[in-house]
Amino acid sequence: MNAQQVEDLTSFMEAVVRRNPGEPEFHQAVHEVAMDIIPYLADKPLYRDMMVLERMTEPDRIISFRVVWQDDHGGVQVNRGYRVQQNNAIGPYKGGLRFHPTVTQSVLKFLAFEQVFKNSLTGLPLGGGKGGSDFDPKGKSDLEVMRFCQAFMTELSKHVGPDTDVPAGDTGVGAREVGYLFGQYKRLVNRFEGVLTGKALEFGGSRIRAEATGYGVVYMMQDMLAHHHESIDGRTCVVSGSGNVATYCAEKLIQLGGKVVTLSDSSGYIHDPEGLTLEKLQWVMELKNKRRGRIEEYAREYGVEYHAGEHPWGVPCDLAFPCATQNEIDGAEARTLIENGCRAVAEGANMPTTPDAIKVLRASPGLLHAPSKAANAGGVAVSGLEMSQNSLRMQWSREEVDKHLREIIASIHAQCVEFGTASDGHVDYFKGANIAGFNKVASAMLAYGVM
Ligand SMILES: NC(=O)C1=CN([C@@H]2O[C@H](COP(=O)(O)OP(=O)(O)OC[C@H]3O[C@@H](n4cnc5c(N)ncnc54)[C@H](O)[C@@H]3O)[C@@H](O)[C@H]2O)C=CC1
Ligand SMILES: O=C(O)CCC(=O)C(=O)O
């Protein structure tokens with residue numbers, strides 16, 4: 001960046017912070033994009049005069065609402081629900097719902113902003129949005145979760161629709177919650193329509209949607225390595241998280257010959273030096289999705305080490321897959337990964353690396369690093385395919401959906417290479433993904449004129 005571009009970035013970010021006070025996660029996500037887009041726009045006065053990036057950082061609208069429900073003891077509980085409808089320039093708003101006590105407007109705005117670029121990269125007609133609530137499903141009975149979901153959807157149903165806004169799952173929102181949410185929507189509007197994705201197969205879901213985000217992360221890693229004539233086979237892999245993204249990422253890694261040695265949750269991580277097997281992974285899925293227990297139990301079941309309160313990034317590995325949550329790798333942890341010989345990082349979680357960590361990883365010669373908006377786009381891509389199947393009143397086979405997923409990730413990799421390759425041949429996947437994601441949305445916004 002030259003001096004003028006640094007000044008432009010500084011004044012752009014000052015305005016973003018002024019307009020969005022107290023929203024550090026949102027500032028972080030915008031800064032990460034603006035660092036690449038502001039220099040890119042240096043010779044594109046039309047985009048600057050039309051304030052395209054400024055418009056993209058302002059959500060179309062944010063809906064915030066009270067969610068009141070009754071717990072199992074008859075007590076009345078109050079939560080806050082949100083839907084951030086960020087940008088529908090290229091298709092209906094699309095993005096998940098997160099139920100977690102850390103949910104704030106800032107967190108959902110960062111996720112919705114990222115979603116706009118990610119959805120554009122898929123090549124499908126999908127705008128960007130995100131929503132959720134500070135409701136904590138942990139420790140709640142099935143009936144409490146059902147009552148919460150019904151109360152949440154009672155308001156949300158007024159703002160979504162198959163051609164308007166199509167939510168899906170995210171942290172704390174899996175198959176069970178999507179079932180309750182879809183059932184309530186259907187009851188309220190008296191129509192059976194594809195208003196949510198991630199549905200069960202029996203009522204309009206797509207094959208491979210559950211697996212898609214985790215599989216897509218591994219496909220992205222495969223493509224980055226293949227670009228350098230390398231593969232996953234025989235590589236030691238450190239995975240964080242033990243939810244939807246982490247477990248299907250681990251499954252695909254094992255299928256491709258990777259050795260997965262860690263999983264984690266918000267309490268700590270397990271280290272299995274022999275590597276997880278598909279059988280052990282089945283046990284984890286049962287633990288997390290049915291018994292809703294803690295990953296610590298894996299250590300007792302299989303006699304391996306459990307590290308309470310720690311992240312797994314100190315475990316030596318070739319490939320790292322942060323699949324839990326935002327900002328889970330800081331600068332010091334990134335340095336440890338590099339010192340231990342890590343070759344590549346593919347981000348399964350949204351924005352899992354802090355700005356310091358990104359700086360450290362970017363400065364490491366040759367290290368491959370796929371940002372979340374490219375690496376985890378497989379989930380929303382198959383959600384887009386679920387919408388297509390719902391419109392067609394059809395369900396495709398596993399093979400067909402997986403083939404589309406594989407092609408979409410290959411195309412995202414190719415876009416990153418096109419826009420992110422430096423003169424020395426190194427691919428900056430962050431820059432490539434930001435510019436490629438931006439281009440399609442920006443052209444559509446220009447076509448619509450001033451609005
Ligand atoms: N489910 C999907 O299709 C997609 C999810 N993502 C992202 O992937 C990440 C994980 O989401 P899912 O697997 O769907 O959620 P999940 O609810 O199935 O699992 C979340 C996992 O992260 C762990 N976790 C949560 N907070 C944590 C913390 N503070 N520290 C350490 N671990 C923590 C949980 O214990 C759990 O293992 C999130 O960043 C989400 O936004 C991204 C794209 C699509
Ligand atoms: O499948 C979807 O619509 C949502 C996926 C999502 O929330 C994400 O990509 O972060």
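Glycine too: its Cβ is placed from the backbone N, Cα and C atoms.
What TrEMBL says about this one:
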type     : residues                    : note
ACT_SITE : K130                        : active site, proton donor
BINDING  : K94, Q115, K118, G169, S383 : substrate binding site
BINDING  : T213, N244                  : NAD(+) binding site
SITE     : D170                        : site 'Important for catalysis'
G169 (substrate binding site) in three-state DSSP notation: coil
Distance [Cα-Cα, Å, rounded] between K118 (substrate binding site) and T213 (NAD(+) binding site): 12
Filtered binding-site residues, from K94, G169, T213, N244, whose Cβ is under 6 Å from an atom of ligand 2: K94
Subset of binding-site residues (Q115, N244, S383) lying within 10 A of K130 (active site, proton donor), CA to CA, in sequence order: Q115
Secondary structure at K94 (substrate binding site), reduced by DSSP to three states: strand
Distant-in-sequence Cβ neighbours of T213 (NAD(+) binding site), under 8 Å, six or more positions away: N244, V245, Y248, C249, G348, N376, G378, G379
Same-chain residues at least 6 apart in sequence whose Cβ lies under 8 Å from D170 (site 'Important for catalysis'): G95, G96, L97, R98, L111, K130, G132
Most crowded position, judged by CB atoms within 10 A, among N244, S383 as binding-site residues: S383
Count of other CB atoms lying within 10 Å of the CB belonging to G169 (substrate binding site): 27
Of K94, Q115, K118, K130, recorded positions neighbouring ligand 1, Cβ under 6 A: none
Which listed residue (K94, K118, K130) has most other Cβ within 10 Å, given these are recorded positions: K130
Other C-beta atoms that fall within 10 angstroms of the C-beta of Q115 (substrate binding site): 26
For T213 (NAD(+) binding site), the three-state class that DSSP assigns: helix
DSSP-derived structure type at Q115 (substrate binding site), helix or strand or else coil: helix
